[in-house]
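So that you can see what the record holds, here are the features copied from TrEMBL:
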type	residues	note
BINDING	ASP32, ASP34, ASP203	Mg(2+) binding site
ACT_SITE	ASP32	active site, nucleophile
ACT_SITE	ASP34	active site, proton donor
BINDING	ASP43, ASP123	substrate binding site
Amino acid sequence: MRRCCEGVGLPCLFKGVGMASPRPPRYLLVFDFDETIINENSDDSIVRAAPGQVLPEHIRQTFREGFYNEYMQRVLAYMGDQGVKMGDFKTVYENIPLSPGMPDLFQFLSKNHELFEIILISDANMFGIECNLRAAGFYSLFRKIFSNPSGFDKRGYLTLGPYHSHKCLDCPANMCKRKILTEYLAERAQEEVEFERVFYVGDGANDFCPSATLTSADVAFPRKGYPMHRMTQEMEKKQPGAFQATVVPWESAAEVARYLQEVLKKKC
């Protein structure tokens, strides 16, 4: 389905005199944010801006599994009531460290930007992601960022909303990454952009859902020891071959960079 050279009538390696070279292979690279690009969960990190750097028990007790977005709306409302301002949030987001090896991976992608289309799908929030990536100097790498809408209201409170609604029974009520990825690939195909391979870098259970739709040509990069990694292992035990993508676990994102480098060496 996603083959760059299909239908062009020329071998991939052909470079005729006086003829334009074929378009280089285009890969789609999908990133998660929390505990993938950054080495923390940004929702937990912002508590550092709260009074005493803790949340009261009555707020924490309102959490319900699958409704984390609603819970964070209450957390942010509490922080606003406590006088936490935009600058306080911005400082926290900007100082969240990147995961090990992530700068190496981003620098590799910067050097090979014409071969990769890069998107980010995250259940965090747009304001936090933009603050962090701009501070790190890598915001421009991303063609598109899909995350929960956030902004500051007239009171100066950071507000958060759900990304969308969906019917997936495996994902949080506010976001199914499989739906986002599937719709993105369909939209790009309508624009006559089809990818030779999809690479997915993530860590969480909500990253397993979209990665389970990848084909045998694609690669899933689960962070070693995190839920996405465990779920791929469990599926392989229960249904051998059901998870079609190649699985490449990583501890340092530099390992992802090395794998992609090898992919490029094998291509035209």
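Cβ atoms are placed via backbone N, Cα and C, with glycine included.
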*About how far apart, in whole Å, are the alpha carbons (Cα) of ASP123 (substrate binding site) and ASP32 (Mg(2+) binding site)?*
8
*asked:* Rounded to a whole angstrom, what is the C-alpha distance between ASP32 (Mg(2+) binding site) and ASP43 (substrate binding site)?
replied: 14
*Among the binding-site residues ASP32, ASP34, ASP43, which residue has its Cβ surrounded by the fewest other Cβ atoms within 10 Å?*
ASP43
*asked:* Taking 10 A as the limit, how many CB atoms besides its own sit near the CB of ASP123 (substrate binding site)?
replied: 26
*Could you give the Cα-Cα distance between ASP34 (Mg(2+) binding site) and ASP43 (substrate binding site), in whole Å?*
9
